[in-house]
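Step one of this worksheet: look at the structure below.
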């Protein structure tokens, strides 16, 4: 019995010692330096290494500069964890570095950023007005308006003076004076014409007895048969005076002349060819030389024999002269005496100048006949007609 009682006491003591041990263990686990809290930390770390589906989400926050950073999702590949600090957050792939966003408190606007609005300035509507100040403002406005008006008036006056003294205004005054000077004075009767009336004559240019038709394309001023021509004799000018208006009465002769002149100008403008149809001119045909009979070369000695200026030392051939036109041409003419120079040349047949052949001299009357054979041969070889030589005469001369 005693032994049983002793065992019961021991068990009671042990039962009282167990709650004390449990209490001590709980106290050690609650301390920060104890090892009892290690299993809880391992559980939190184990649950933080697993990323949620679709990536972690960083909440919006205010950074250290007081700027609001909007929220963002960490869903780019392996960067699916929200890491960093409460004032600077970013996405990372390391699960143990995951940020516990529930411990941060910078989700609201910081107090130092809220400076507040300045108080609105209350306008005192019951304050009395200052009449002196209002009068000063009115005086300033009036002075400025008067000054602006004076400036505008000065500018307008200057523009008016410049326009009045401009060259355009001077031209207007000059034009007015010209119109006044154009007013005609008392008209004087026109002097009578000095020459005979040439109203029905047509002037045709002629030269050396050959009519020259006036070409239709000439630039000379065409005159009609009813237009009077100017007199060849000098006289006073017969120009009309300036006519200022149509109310003045014109002289009968001048009115008739003006009417005829206007009709002539109108006729030349309407039908310029009518004048040539009414007064046709004689057109000359192409000028040609008369046909000449070529002379044989054996007639040349007879021509030289009849020429009084034969070259020195020339002896006419002895024999009968052939019956040619030269015989009849020289039969009725008296023989001319030889000049003294030819007598001296016959005495001394040697030429006066060395290296120079004696010149052959011909008579003016025999000169065309001497070159007739050469001209005929030249024209026949060239195959063209006679050559026209231009001279200063009005009629062309053909050789």
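Glycine too: its Cβ is placed from the backbone N, Cα and C atoms.
In Swiss-Prot, the annotation region 'Disordered' applies to 378-399, one of the ranges 356-377, 378-399. When Swiss-Prot is compared with the stretches 74-94, 95-115, 116-136, 137-157, the one noted as transmembrane segment is 137-157. Within the set 73, 217, Swiss-Prot records N-linked glycosylation site at 73. In the three-state DSSP scheme, residue 73 (N-linked glycosylation site) is classed as strand. Using a 10 Å radius centred on the Cβ of residue 73 (N-linked glycosylation site) and all shown protein chains, the other Cβ atoms total 13.
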